[in-house]
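A.B. asks: Right, I'll just put the structure down here and ask away after.
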């Protein structure tokens, strides 16, 4: 069962039914193997609308749907997350920040386990703040690091601090990089991604409601991050990497940068440019999925 989902929880085997509350799904009410057993690729991202746009895009790319096709939200019974499926691809929203994506991942990993899925690849596609990169650059994460640049997730479990690895699949990152070279439409790099606990002070911004440091301190911190290998900042990659590692799932993080944080804190690009930027991770991951399925 090397290529199957591994659950690090012996208690689940004793349960007669597993209710995935935040998905409004359950093993007693839904046939998981029939619904999800053919899934090979799972793409997750912050907003429901972006993940719906992605499933429409990948459906057309794979020849499984076209303009005007409707893709129902599998999690319509809840307003916490949205989930869409076409062929072997599942697209799921995770909200913003470590707590939100952590809840989603617990239930997603159990869903894939109950569905008896194998050879799964999970990729987070999203947006981020870049460091030393032109806006619109795509970063494929080598390691997720914390705000002190350590490749780890520090979590408190039963009052004790637990440290978990946040490395991501090196071969998968290389394959995605090769796909970007074949597309040849935008700058892509492999680098470390800093995962923070908030958007403002945690990322050294000067424009929050509270800021007790000066611009020089901020810039020095960001330069230190760059020197340590960090190329972008977001708020979900550490727990994503840690949980995928523990579950034996190949995982990658592919995020576009919306600005260069060494030059400012606020996003000033026009709406149309931002929409095009946000499509870049979708294009890269879509091409990767097509190539993996022999459709390129």
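Cβ atoms here come from the backbone N, Cα and C positions, even for glycine.
For reference, TrEMBL lists these features for the protein:
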- 40-289: domain 'Nucleoside phosphorylase' (DOMAIN)
- 80, 124, 125, 126, 127: phosphate binding site (BINDING)
- 203, 205: substrate binding site (BINDING)
A.B. asks: Just give me the nearest neighbour of residue 203 (substrate binding site) among the binding-site residues 80, 124, 125, 126, 127, Cα to Cα.
C.D. replies: 127
A.B. asks: Tell me the Cβ contacts of residue 127 (phosphate binding site) under 8 Å, same chain only and six or more apart in sequence, or just say none.
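C.D. replies: Non-local contacts for residue 127 (phosphate binding site): 46, 234, 255, 256, 257, 258, 277, 278.
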A.B. asks: What is the interatomic distance between the Cα atoms of residue 80 (phosphate binding site) and residue 205 (substrate binding site), given in whole Å?
C.D. replies: 28
A.B. asks: Can you grab the distance from residue 205 (substrate binding site) over to residue 125 (phosphate binding site)? Cα atoms, rounded to a whole Å.
C.D. replies: 23
A.B. asks: Looking at the binding-site residues 80, 124, 205, which sits with the largest number of other Cβ atoms within 10 Å of its Cβ?
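C.D. replies: That would be 124, with the highest Cβ count within 10 Å.
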A.B. asks: Might you list, by sequence position, any residue in that chain lying six or more from residue 126 (phosphate binding site) with a Cβ less than 8 Å away from its Cβ?
C.D. replies: 45, 46, 234, 236, 253, 254, 255, 256, 281
A.B. asks: Far apart in sequence but close in space: which same-chain residues, 6 or more away, have a Cβ under 8 Å from residue 125 (phosphate binding site)?
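C.D. replies: Same-chain residues close to residue 125 (phosphate binding site) (Cβ under 8 Å, separated by 6 or more) are 43, 44, 45, 54, 254, 255, 281, 282, 285.
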